[in-house]
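Colleague: Got a structure for you, questions after.
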Amino acid sequence: MSTRDTRPGSAGGADVPGPLHGGPDDEYTPEQLATLSREDLDRLGARYDGVEILHVDPGPEPGSPVEKRAVRQVGWSFTIAGLASLAFVVIYVGSGWFLPDWHWEIDDHGWSALFTPLLGALMGLALIMVGVGLVLYTKNLLPHETAVQDKHDASYFDRVTAAATLVGGLEKSGLKRRKLITRSLAFMGGGLGLMLIMPLGGLIKNPNKGNPLGTTPWGEGVRLVRDDGTPIRPGDQQPGSLETVFPAVPGGNSVHHADAATMLIRLRPEQLEADRPRPGQEDFGYGDYVAYSKICTHAGCPVSLYEQETSRILCPCHQSQFDVTQGAKPVFGPATRALPQLPITVDDEGFFVARSDYIEAVGPTYWNRERI
Amino acid sequence: MARTATAPGAPTSKLGKVALELDDRLIVAGPLRRTLNKVFPDHWSFLLGEIALYSFIVLLLSGTYLTFFFDASMREVVYDGSYAPLRGVKMSAAYDSTLGLSFDVRGGLFMRQLHHWAALLFVASIVVHLLRIFFTGAFRRPRETNWIIGVVMLVLALLMGVTGYSLPDDLLSGTGLRIISAILLSVPVIGTWAHFAVFNGDYVGEQIIGRFYIVHVLLLPAILLALIAVHLLILVKQKHTQFPGPGRTEHNVVGNRLFPTFAGKATGLLLVVFGVCAALGGLVQINPVWLWGPYNPAQVSAASQPDWYIGFLDGSTRIFPAWDLNLPGDYTIPALFWPTVVVAGAMFTVLALYPMIERKLTGDTASHHLLQRPRDVPVRTSLGAMGLTFYLWLMAAGGNDVIADKFDISLNAMTWVGRIGVVILPPIVYVITYRICLGLQKHDREVLEHGIETGVIRRLPHGEFIEVHQPLGPVDEHGHGTLAYGGAPVPKRMNQVGGARRAVRGFFRPIEEPAQVELEERHDQHGLAAAEADRELTSAGRPSEGGRPQEPRH
């Protein structure tokens, strides 16, 4: 490397580190460093990083029984890990080839039921043994040293100089004086931010348009059908029984009409006697039949557990309980509203049909439920 | 600047030459040395956060594998796979592909279960890590930022869990989704709008699985990864806290250097965490979705419970009274809003702001790098115990139907037990914890003043019986110890001050000479003689830990 480069375009000066380069390279020549042992170099470097090595426990003596035992333990750990890994590979590749097939069969309690547990046991064993070996190695064979590293407080010098550079730079930009630029910048920033989040508007849908939360596919003349699509006659059910019914519309029992599920309950004579429907809904039942929404008014779970001795319906999610002889009003638990009742009757062919949709929104309560 | 082949220290080995070439280009030797020399304090409880980090790595790896087979679509298909009981059943493509993953992908069930177990471990280790930070005061200035980042990551981990276990679209997760929908609807004013934005309309539609999927596999992991990076960078910059001990001050870190000791242990722990997840994933069945069946809005199974970390919200929802708030103008705030949005929001807000609250209450604005023993800060410890009781009680209430069933108790009685307990238990636990802390503090002082109870009873000439106490250090003219409490554990048993010799190693037969052990003890100044020579014995640590770190003795 020449010290003076006079070709056109070159800086022309001596291309050597400037006076600010400095650092440990100036304090220690390669020759000086060459005289130091590796351990001394280690400690020297550590000291530059603010680390002092206080105490070194060299670990077991080479050739001692303690060392031999520790080496054996580590060696065995790694060997077991290797064996388990290979066994994993053999079982993974071999089943269905030279080992029995791994596919699960419902009545099979042999090989296919063991495939997944074996994979887990072997991979777990392999990985845990590598970990155990490593920990044993660091604990029993590596020298234990106690090192202390300095923790520096914030530097006043750094603060002052950094602040000078930062504030100086801002000062030079003149933004403080050039009000038009700062104001237009703020204006632009606001506009840009708004513009960039605007496409999220695609997610927004009006929940009040057409009252989707308050309506279901039920309506005048819609038949009550079972989940297999068959309609129901008044004589089909035993007194005291409950059947889940759906509206006889396409997708009536699907995720598209998740709020439509309804319970058709045939009351026993004594229940019928005790029946106190909600005011204005006295004629919603048909004979000894009543139909209530299956969707809990609390959190929307299907209320499923009907205890006919007590006339109670229990929601298994949060244990709200509704009394079917009192207009399905909540009698215990966190639910606050009665299950909506579906007005039913029987059509010309003798099958159950709805007289209209539910007269209120089914499912969980929401902010403006009472308003629509 | 010229370098010759004979320059001192020039590498001769092949590896050395490669390293030289690398350093010529990248100039990394300095930063590398600084990294290798970084000192980490050594304590088992400092590994809890590492477990969270490692289970996150396991989650990323296993989760990526699962995406090769999972179809996040709610399109209706008819099952035609290996699992005979569900053949011919209509279900969503998501559930169908989860079944395929479990039954028709070689090792797929293993990976799915591994992923689920790693997720449970991930949240659990975050919670335990958080408790460690809380009870030792590690969140104090200057670490408030990292505390807040940690709380945010905990919330994100919960969201990861919820969006993750909703994906298979089985009956259980669908029920969970239904409750999420109801919670969204319960938010005043914006609830229905938020619901329609998330679900693309009324519950349930065809979008939600696909949306949860992208949130679960891209958005949340990316945010978590970024936060983990910041969390670790701040940790490295601020250096780790340490428990008080000899030579440990607010201005240093005493422990092991990164290489090789810390790196060895950390790698070992990573592999053990991975191994435990793998073993659980293969050996312990979790979330057998084929038993729940495909989601149907009209069906539910009894004892529907979320994963454990959401259990506290399920519990609060179960025991909250039926209190709808009817506002003028026919507006309603549903009862569901309070135990879910408000309880969770309040809990995590208070948790995130706790460092600032404590700073305000105690007026302690100094920087702290030495940890505290929980007993030394009774108010914080009792507040923590109180909060933990509240949380665990809610979690237990989330299983009140199972408890009622298994122990044959009335379900309604269990609900009332939950309601009453959540109000009266936390204050009781506060008082008890406070007393325990004071008792432990007092006992530390007592041992420092009077010494360790030796169990040796002596009869004095005049007939009085006394127990002989072993002082921990020099005593004054009244026989009282002169040591001051330094925030470190005080030895309470004779063995901890070398009352007994170290056992000779070896299982079937001794592998070291008893005389050698004796010599070593004397050399390391363990045992009673060393203890007596020690002025600050309380801060000398327990000799069972090798007394490390020690101040140099001369």
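Quick reminder: no glycine exception, Cβ is built from N, Cα and C everywhere.
For reference, TrEMBL lists these features for the protein:
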type: DOMAIN; residues: B:18-244; note: domain 'Cytochrome b/b6 N-terminal region profile'
type: TRANSMEM; residues: B:51-70; note: transmembrane segment
type: TRANSMEM; residues: B:116-135; note: transmembrane segment
type: TRANSMEM; residues: B:147-167; note: transmembrane segment
type: TRANSMEM; residues: B:179-200; note: transmembrane segment
type: TRANSMEM; residues: B:212-236; note: transmembrane segment
type: TRANSMEM; residues: B:266-286; note: transmembrane segment
type: TRANSMEM; residues: B:336-357; note: transmembrane segment
type: TRANSMEM; residues: B:377-396; note: transmembrane segment
type: TRANSMEM; residues: B:416-437; note: transmembrane segment
type: REGION; residues: B:515-554; note: region 'Disordered'
type: COMPBIAS; residues: B:519-537; note: compositional bias 'Basic and acidic residues'
Colleague: For the transmembrane segment (B:147-167), name the stretch out of B:116-135, B:266-286, B:377-396 with the most CB-CB pairs under 8 Å.
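Modeller: Between the candidates B:116-135, B:266-286, B:377-396, the best contact partner of the transmembrane segment (B:147-167) is B:116-135.
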Colleague: Need a quick answer: max count of Cβ pairs under 8 Å to the transmembrane segment (B:51-70), which of B:212-236, B:336-357, B:377-396 is it?
Modeller: B:212-236
Colleague: Taking the domain 'Cytochrome b/b6 N-terminal region profile' (B:18-244) alone, what is its mean pLDDT?
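Modeller: That region's mean pLDDT is 95.
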Colleague: Is the transmembrane segment (B:212-236) in contact with the transmembrane segment (B:377-396), using three or more Cβ pairs under 8 angstroms as the rule and ignoring pairs under 6 apart in sequence?
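Modeller: Answer no: the transmembrane segment (B:377-396) and the transmembrane segment (B:212-236) share fewer than 3 Cβ pairs below 8 Å.
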Colleague: Quick check for me: are there 3+ Cβ pairs below 8 Å between the transmembrane segment (B:116-135) and the transmembrane segment (B:212-236), leaving out pairs under 6 residues apart?
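Modeller: In this chain the transmembrane segment (B:116-135) does not contact the transmembrane segment (B:212-236) - fewer than 3 Cβ pairs sit under 8 Å.
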Colleague: Sort out the residues at least 6 away from either end of the transmembrane segment (B:212-236), same chain, that have Cβ-Cβ distances under 8 Å to it, and list them.
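Modeller: Residues packing against the transmembrane segment (B:212-236) from afar: 38, 53, 56, 60, 63, 67, 70, 72, 143, 145-146, 149-150, 152-153, 156-157, 159-160, 163-164, 166-167.
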Colleague: By Cβ distance under 8 Å, which residues at least 6 away from the ends of the transmembrane segment (B:179-200) in the same chain are close to it?
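Modeller: Beyond its ends, the transmembrane segment (B:179-200) has Cβ neighbours at 162, 166, 206-208, 211, 317, 331, 333-334, 336-337, 340-341.
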